[in-house]
Amino acid sequence: AGTMEIVYVYVKKRSEFGKQCNFSDRQAELNIDIPPSPQLAEQFVERNPVDTGIQCSTSMSEHEANTERFEMETRGVNHIEGGWPKDVNPLELEQTIRFRKKVEKDENYINAITQLGSVRLPRRQRSGPQPSLCFPTCMSGPSEKDTSWNLPSGSRQTGPPCTDQRHCIKQNNAIDIYQEYFDDEDAVEVMEEAPSAKTINVFRDPQEIKRPATHLSWHPDGNRKLAVAYACLNFQRAPEGMSNDSYIWDLENPNRPEIALKPSSPLVTLEYNPKDSHVLLGGCYNGQIACWDTRKGSLVAELSTIEFSHRDPVYGTIWLQSKTGTECCSASTDGQVMWWDIRKMSEPTEVVIMDITKKEQLENALGAISLEFEPTLPTKFMVGTEQGIVISCNRKAKTQAEKIVCTFSGHHGPIYALQRNPFYPKNFLTVGDWTARIWSEDSRESSIMWTKYHMAYLTDGAWSPVRPAVFFTTRMDGTLDIWDFVFKQCDPALSLKQVCDEALLCLRVQDNGCFIACGSQLGTATLLEVSQGLCTLQRNEKNMASSIFERETRREKILEARHRELRLKEKGKAEGRDDDLREEEPTLNLEELVTKAEEEFFDIIFRELKRREAEAVKKKPKPVALRVRPISVAELEEGATLIAHKVDEQMVVLMDPMEDPDDILRAHRSREKSYLFDVAFDFTATQEMVYQATTKSLIEGVISGYNATVFAYGPTGCGKTYTMLGTDHEPGIYVRTLNDLFRAIEETSNDMEYEVSMSYLEIYNEMIRDLLNPALGYLELREDSKGVIQVAGITEVSTINAKEASLEQLAGAVERSTHPSPGGDGRGLGRAARE
Ligand code: ADP
Ligand code: MG
């Protein structure tokens, strides 16, 4: 089957287009005869060559042809097996076989096929890669002598046609036409929608005396339930009658918790067992570890004995990914990390003391408040401490002391969150003081990336489980920040202010990365859903994130090496040339140092301010003012009329002087043209007004060191000289500028030194003349060594007498240029004043 384009022929009679031209020969006739006149000639300047267009015929009117719209339509036609001659019915097998046989016996056909077998390579290549070679199995008719094979005459191949053809086929197959060459070149997909998040549900502490929500845990199967631990962490300040209960919430029902968990001391942490969703692990405020089996109700199923438990609140509990699913670990500010098996909860299986001096002394131990255990690195675990140090530990070390492997310090306060990147476990996130930091295990001296210092403390943080470059942080001021460091480094990709009116204390991301729960100071758990882009792995994101991690680690290492080098040098100096240094030191007293530092500081600030100011000035558009001068008496006598009208402060309208109400051809044309300027003046404007609006404001800039240019532009006689120079009674911009300039200089001369020089030149017919000393003749433009264009040899009137001389000489110049030489008007373009 095939489709057929339907062609529509659009016909229009010639007569409908207007009158036809008929050319005919006839005798030349004289239309007009203008004899040369010497008087007239005097009024003209001779021009050579002269290009003139002549139109002898009268102008004709326009004629428009409006054609009718025609609707086109393409229809398919079912066309069965094309190419059979009319007398062959393609459905009759017998007929087609007979026809095929007839054709195959045809000499032309045989020739064509044999020659096709030796198709030359260059021609195949030229036609580009094709899926396969095609062989005609049937031809429309052998009658026409077919020359389309286009072979060099006489190159008839008699042998088997296969060899060359095979080559062609092989070559064809060498190119995989289905291969996508630029598949992986695509840039990171830009997130189609801006990152966003919406609150889905809010779960409030049902108790009358509200307690802070200290920890959250998602039900391991899907996002149906959320366990929330509630505890008041103010030491011995918990109000009388405050409940110890924590809750499991069904996400569908924010009105009532599904189950209450009833420990004897409030829970600081609460964790679902990932292997068994009925089992939960809780760390109590009094240091005990408790276990629940929700099938058995609200009461504690297993509890550690007080004497073998922590002595401070348990701030961190995690389940270990073990075969039995019964092992877990806890951390407390008492400086211990304990390992437990819930089948035997009476005492811990192991205790590690967080003493980084490796002396195993509890009094030296740092308070452990966050834990990280990565199942793929089962011998390692990490502990975030109250003192802002991350301790990396080896679980399998032989002695206690060896269990403390190394530390990472950089935070100025407790590390509330510690988590390895789910994609690149070598890199981990910490949250403490006012920052979140990302570290590499390879770089111990400093974190490799960090957020800015926030105004409020950060309270918790976590990686997105699905995007290597995304993490979440909560703040004391109730803000949830979502970071995407591939997309933006200095600021969060999304900052959700006021998730709560009070402080946010904890957060937990659901395994699909789309749902985030935040717990607040007043016991409110807010459930948020982030937009699709934030919880879908972006194209190439893994590579980008890993290369950012690697690059930043490298950078930190280079800095570390450099620091070490400097420290060594200092040490060498301190030991070696100690004495020389001592002698020099006392000469610099502290006060001097402080003033010097202050000066430098303000210098930097002023320079920056100046730079910004200059930039702002540069960006400002150059104001353009228009001045319409009055019609002179002479012009009035000639019958001139005013066509430029000022409409408002900025708009000027030009009326068409040729306007003729009887002229039908022009009747439809717009009769007037309007133009907009920054400011417009008509003949009523005084010199002072023009000066005020265009130039006066520049003076301040000039005396503080900026360049300024004012220039007048227009055809001869439009009033440029009048505006710039003016007359004795009506001085123009030059004189007014100089007056104001000198006044401004005098006013500020106490704390500024100025140098004023003036030159005055004329550019006419591309020639430069010094108007302060016309005898110099024509001057040249040159570029000096700094690339500044200068007029070589121009007179500059110096500072001392600039004021008097300039005004006097200007006046002289006014005279000269208002009585122009016969050569034409002196068009002065003045560099009136220079700083
Ligand atoms: P340009 O320098 O542009 O060739 P001029 O300044 O010499 O033009 O002006 C031509 C004529 O018009 C002069 O005689 C000038 O005095 C007069 N003129 C120009 N502008 C005004 C104005 N605003 N008010 C009165 N006269 C003007
Ligand atoms: Mg002039």
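Glycine is treated like the rest: Cβ placed from N, Cα and C.
The ATP binding site annotation in TrEMBL covers G714, P715, T716, G717, C718, G719, K720, T721. Reduced to three states, the DSSP call for T721 (ATP binding site) is helix.
Positions annotated as domain 'Kinesin motor' by TrEMBL: 621-835.
The region 'Disordered' feature in TrEMBL is assigned to 811-835.
Summed and averaged per residue, pLDDT over the domain 'Kinesin motor' (621-835) gives 77. Selection of the binding-site residues P715, T716, G717, C718, G719 by a Cβ distance under 6 Å from ligand 2 yields an empty set. In this view, the densest Cβ surroundings among the binding-site residues G714, P715, G717, G719 belong to G719, judged by other Cβ atoms lying within 10 Å. Within 10 Å of the C-beta atom of C718 (ATP binding site) sit 14 other C-beta atoms, taking all shown protein chains into account. Around T721 (ATP binding site), taking its Cβ as the centre, 20 other Cβ atoms fall within 10 Å, counting all chains.
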